[in-house]
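Provided herewith is a single structure, encoded as structure tokens, for subsequent inquiry.
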Amino acid sequence: MTDNWTAPITGAYCERTGPEFWGEPLNSASSLLVVIVSITALVYVLRKRRVAPGILALMAMAVAIGIGSFLWHTFATRWAELADVLPIWGFVAVYGSAMIFSSVRAPVGPIVALAFGAVVFLTGVALSMSETHMLGDTVSGSTQYLPALFVVIATGRLLWRERHPSIRLIGLSVALFCLSFVFRSLDMPLCDVVPMGTHFLWHVTNCLAFAALLTALVRYPGSTAIDHDTGLEAPSEGR
């Protein structure tokens with residue numbers, strides 16, 4: 001693994017052929033879609049006075065995801081890659097932990113939920129920053145996101161089993177994330193056929209997934225894992 005945090009990285013995506021700042025115009029521009037969606041949602045909840053700490057934290061991390069992605073697809077250096085992956089795995093860890101903490105079917109205490117989040121976060125960052133995934137593999141380095149795919153599918157299934165009121169929106173978010181995973185995986189394999197790559201479609205579909213997820217959190221603030229007053233739903237009796 002390289003120790004040079006400022007050296008340009010040019011082999012990670014189909015669209016980038018050199019170290020130039022705007023070497024990935026579609027990837028960098030599409031990164032900002034998440035920022036726009038998240039800020040729009042944040043303005044909405046502030047106007048509605050729905051300012052639960054948990055919701056605000058996830059929205060802030062969603063904004064950070066878009067900013068980090070923009071930095072990564074413009075500067076294309078090791079430090080920019082870290083700025084990209086940290087908020088992604090922070091979001092996945094916080095959301096996954098909150099979901100299992102508030103689950104009726106699989107009740108766990110806060111220590112277990114936090115431990116789960118820590119494992120997801122550390123595993124995700126380690127996979128994302130490994131040399132193999134940084135330079136791409138047969139599925140464009142997408143194997144690093146398998147833990148995230150597991151979390152979103154598992155939480156979606158949990159909500160479905162509980163007949164949760166947000167299941168349609170969360171289910172849509174899960175489906176969109178799975179589709180975005182496909183787009184990300186096809187970036188390098190289809191590079192000869194699609195010169196601009198398909199990674200920007202990962203951003204677009206992820207943006208739609210974020211929109212569905214944030215809508216669910218805002219529409220059902222007291223019944224998802226994110227409570228209107230405390231940020232986390234109160235544990236069930238006997239927990």
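Note that Cβ sites are derived from N, Cα and C of the backbone, with glycine treated the same way.
Bear in mind that TrEMBL entries carry predicted annotations, made automatically and left uncurated.
Found this in TrEMBL, in case it helps:
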TRANSMEM  28-46  transmembrane segment
TRANSMEM  53-73  transmembrane segment
BINDING   H73, H199, H203  Zn(2+) binding site
TRANSMEM  85-104  transmembrane segment
TRANSMEM  111-130  transmembrane segment
TRANSMEM  142-160  transmembrane segment
TRANSMEM  167-186  transmembrane segment
TRANSMEM  198-218  transmembrane segment
Relative to the Cβ position of H199 (Zn(2+) binding site), how many further Cβ atoms are located within 10 Å?
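There are 25 of them.
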Cβ within 8 Å of the Zn(2+) site centroid (H73, H199, H203 excluded): which residues?
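Same chain, not in H73, H199, H203, Cβ within 8 Å: Y13, E15, E24, L26, N27, S28, S30, S31, S69, F200, W202.
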Output, ordered by sequence, the same-chain residues six or more apart from H73 (Zn(2+) binding site) with a CB under 8 Å from its CB, or 'none'.
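Result: Y13, R16, E24, N27, S28, S31.
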Near the transmembrane segment (167-186), which residues from the same chain, at least 6 beyond its ends, have a CB less than 8 A from one of its CBs?
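Contacts with the transmembrane segment (167-186): 139-140, 142, 145, 148-149, 152-153, 155-156, 159-160, 198-199, 201-206, 208-210, 212-213, 215-216, 219.
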Which residues of the same chain, at least 6 past either end of the transmembrane segment (28-46), have a Cβ under 8 Å from a Cβ in it?
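For the transmembrane segment (28-46), the sequence-distant neighbours (Cβ-Cβ under 8 Å, at least 6 residues beyond its ends) are 22, 55-56, 59-60, 62-63, 65-67, 69-70, 72-74, 200, 203-204, 206-207, 210-211, 214-215, 218.
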Other than its close neighbours in sequence, what residues sit by the transmembrane segment (53-73), given a CB gap under 8 Å and a spacing of at least six beyond its ends?
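Sequence-distant neighbours of the transmembrane segment (53-73): 13, 16, 24, 27-28, 31-39, 41-42, 45, 80-81, 83-88, 90-91, 94-95, 98, 203, 210, 214, 217-218, 221, 225-227, 230-232.
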Give me the count of other Cβ atoms within 10 A of the Cβ belonging to H203 (Zn(2+) binding site).
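Cβ-Cβ neighbours of H203 (Zn(2+) binding site) within 10 Å number 25.
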